[in-house]
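Asker: I grabbed these lines from TrEMBL:
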- ASN106, HIS111, GLU116: oxalate binding site (BINDING)
- HIS109, HIS111, GLU116, HIS162: Mn(2+) binding site (BINDING)
- CYS30-CYS47: disulfide bond (DISULFID)
- 61-216: domain 'Cupin type-1' (DOMAIN)
- 1-20: signal peptide (SIGNAL)
Amino acid sequence: MAVRLLISVLVILLFSFTYASDPAPLQDFCVAVKDDEAKVFVNGKICKDPNMVNADDFFFPGLNKPGNTSNAQGSKVTPVNVNQLPGLNTLGISLVRIDYAPYGLNPPHTHPRATEVLVVVEGTLFVGFVTSNPADPNVKNKLFTKTLHPGDVFVFPEGLIHFQFNVGKTNAFVFAGLSSQNPGVITIANAVFGSDPPINLDVLTKAFQVDANVIKYLQAQFK
C-alpha cells in the first residue's frame with residue numbers, strides 16, 4: 001500500500017510540474033503568511049521572512065487517512081493547497097485526495113485556475129468533462145467520459161466542468177495534482193442554486209427553461 005501511495009504521488013507531482021500555470025517563482029521559496037497575519041494584499045500570498053522558515057512550512061501529514069464520506073454526495077475532498085501547506089506558495093502546484101463511498105459522487109465542478117490530473121488508487125470510477133461552448137451555436141458542448149480502474153490516469157483541462165462517480169460497490173480513492181497553488185473550486189449546483197443572496201428566480205427559470213416551482217425546489221435543497 002505504501003509503495004502504491006508513493007508511486008501515485010510521484011506521478012501526480014511529475015504531471016503537476018509539467019503543466020504548472022501559476023507565475024514562476026523568483027526565489028528558492030516564498031512560504032505563505034497566513035491571511036489573518038498579512039498586512040499587505042497581493043495576487044496570492046505574501047512571503048514569510050526566510051529566516052523564520054522551517055521544515056514544517058513544507059510538510060503536510062495525513063493523506064494516508066480516508067476522508068469522511070458520510071454526506072449527501074458520498075465523497076470527501078482533502079485538499080493540500082497553499083492554505084494547508086504554505087510552502088506551496090509560488091510553486092504552481094497543489095494536491096488533493098478524494099474519497100468516495102460506494103456510488104459516491106464528486107459532483108460537476110470546475111477549477112478556474114488549474115488543470116487537474118487524477119490517478120486512481122482504489123476502486124472503479126466513471127469520470128468525465130464537458131467542453132466549453134462551441135463557436136457554432138448549433139453544436140452542443142461535447143462530453144468526454146471514461147471508466148477508470150486502479151493505476152489509470154485521467155486529465156481534466158483547466159476551467160472545464162468535470163466530475164467523478166464511484167460505480168463500484170466498494171470504497172474508492174484517488175490522488176489528483178493541480179497546476180496551481182490555489183486552484184479554486186466552483187461546484188455548479190451550489191453556485192447556481194445556493195448562492196447568497198439567491199440568483200433572481202426569473203433569471204433561472206429562463207436559463208433552465210423550467211417552471212418557477214422547480215427552481216424554488218432546487219434552491220431549497222441548498223439552504
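In case you wondered, yes, glycine gets a Cβ from its N, Cα and C as well.
Help me picture these features in the structure, burial and contacts included.
Answerer: Taking Cβ-Cβ distances under 8 Å and a sequence separation of 6 or more, the neighbours of HIS111 (oxalate binding site) in its chain are PHE156, GLU158, GLY159, LEU178, SER180, PRO183, GLY184, VAL185, ILE186.
Sequence-distant neighbours of CYS30 (disulfide bond) (same chain, 6+ residues apart, CB-CB distance under 8 A): LYS45, CYS47, LYS48, ASN89, THR90.
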Asker: If you measure HIS162 (Mn(2+) binding site) to GLU116 (oxalate binding site) at Cα, how many Å is it?
Answerer: 10
Asker: Roughly how many Å lie between the Cα atoms of HIS109 (Mn(2+) binding site) and GLU116 (oxalate binding site), rounded to a whole value?
Answerer: 12
Asker: Using Cβ atoms only, which residues of the same chain lie under 8 Å from ASN106 (oxalate binding site) while being at least 6 residues apart in sequence?
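Answerer: Long-range Cβ contacts: GLN73, SER75, VAL77, ILE98, TYR100, PHE163, GLN164, PHE165.
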Asker: For HIS162 (Mn(2+) binding site), what is the tally of other C-beta atoms lying within 10 angstroms of its C-beta?
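Answerer: That number is 22.
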